């Protein structure tokens, strides 16, 4: 069971030295993740489960050629024995189930609360990992702790106070506003996202991130297609019906929207961001980076006519989140810098001892 031990240091990012490239990828992926909830809301009247099935079909097809390319180009760096084993299989299935659970909770929450709030609570997975590391007595920088405290206080304040939302005035243009219920659903998805990022970091250490992403999508698609008939009406499932059909994403009203916006922008760049950035950053940093998503997601929700303008306290909350995020990232940087210095000192001391011994 050692492979499931929660440890930030166990699987280090493969390309952590190239932080400039990692930062650029993170920014692009952040724009993609910010569009996930607003674009998912474009499928009005479609269940959250069916929206996920549509997305996974398209993403498996889109990612397959890229996965083949990365497997071929990096085949000399892949340890087949580590990949084709029970441990890796369990990790893939676990990651897929964690993402499926988190995605369903978050998509459902976006039907009831405004996009920015759903994205905020759903992306507390990084803070959850910092807290988990602290509880396990692992090394955590003071700034990471204080940054997490700031983020949690802002999130709790928004949840309990439902800060600036008047329940008598709908904030969701679909008329289903239930802010507290939606917030709770989004918040409950955060631990699942946190563990998903953690397990995915172990898989990315063994395989190219694109392959990890594609296998993850494929497992989810297979599982949900097996489960779907037991809970939903199958009369129109094997059809192009835009509300109940397996291929409803290809209906005339959704085709371009699905293939370009949902699959490429929100899918590959958005969902893929949680995996691609693991090549460059530690799991808890990846989780906190995407706390910037609510700000951009709220803007997109307004532009797409799904949400009304938030009030002043939402902007105050966003500033608090940004401050906490900055503290967490700064703390992680200082912690790793200190580890590198200490490692260098140990190496120098060992060299001196070898010279004296010689």
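Along the chain as shown, residues are numbered 1 onward.
Backbone N, Cα and C atoms are what each Cβ position is placed from, and that goes for glycine too.
Here the domain 'EamA' (181-329) has a mean pLDDT of 79 out of 100. Annotated domain 'EamA' per TrEMBL: 181-329, in sequence order.
What TrEMBL lists as transmembrane segment is 20-40 (among others).
The transmembrane segment annotation in TrEMBL covers 52-72 (among others).
Summarising the annotation, TrEMBL assigns transmembrane segment to 92-108 (among others).
Here TrEMBL flags 114-133 (among others) as transmembrane segment.
The transmembrane segment annotation in TrEMBL covers 145-163 (among others).
Note on the transmembrane segment (179-199): residues 4, 6, 91, 94-95, 98-99, 101-103, 105-106, 108-114, 117-129, 132, 155, 158-159, 162, 165, 167, 171, 274, 278, 283, 286-287 of its chain, located 6 or more positions outside it, place their CB under 8 angstroms from a CB of the stretch. The transmembrane segment annotation in TrEMBL covers 179-199 (among others).
Sequence-distant contacts of the transmembrane segment (211-234) (same chain, at least 6 residues past either end, Cβ-Cβ under 8 Å): 47, 49-50, 52-53, 56-57, 59-60, 63-64, 66-67, 70-71, 92-93, 95-97, 99-100, 200, 203-204, 244, 271-272, 275-276. What TrEMBL lists as transmembrane segment is 211-234 (among others).
Here TrEMBL flags 254-278 (among others) as transmembrane segment.
Per TrEMBL, transmembrane segment is recorded for 285-306 (among others).
TrEMBL lists 312-329 (among others) with the feature transmembrane segment.
Among residues of the same chain six or more beyond the transmembrane segment (52-72), those with a C-beta under 8 A of the stretch's C-beta atoms are 43, 46, 78, 100, 103-104, 107, 208, 210-211, 213-215, 217-218, 220-221, 224-225, 228, 246-249, 258-259, 262-264, 266-268, 271. Within the chain carrying the transmembrane segment (92-108), a Cβ under 8 angstroms from the stretch's Cβ atoms is held by residues 4, 37, 40, 48-49, 51-52, 118, 122, 185-186, 188-190, 192-193, 195-196, 199-200, 203, 212, 215-216, 219-220, 223-224, all 6 or more beyond its ends. Helix, strand and coil counts from DSSP across the domain 'EamA' (181-329) read 113 helix, 1 strand, 35 coil.
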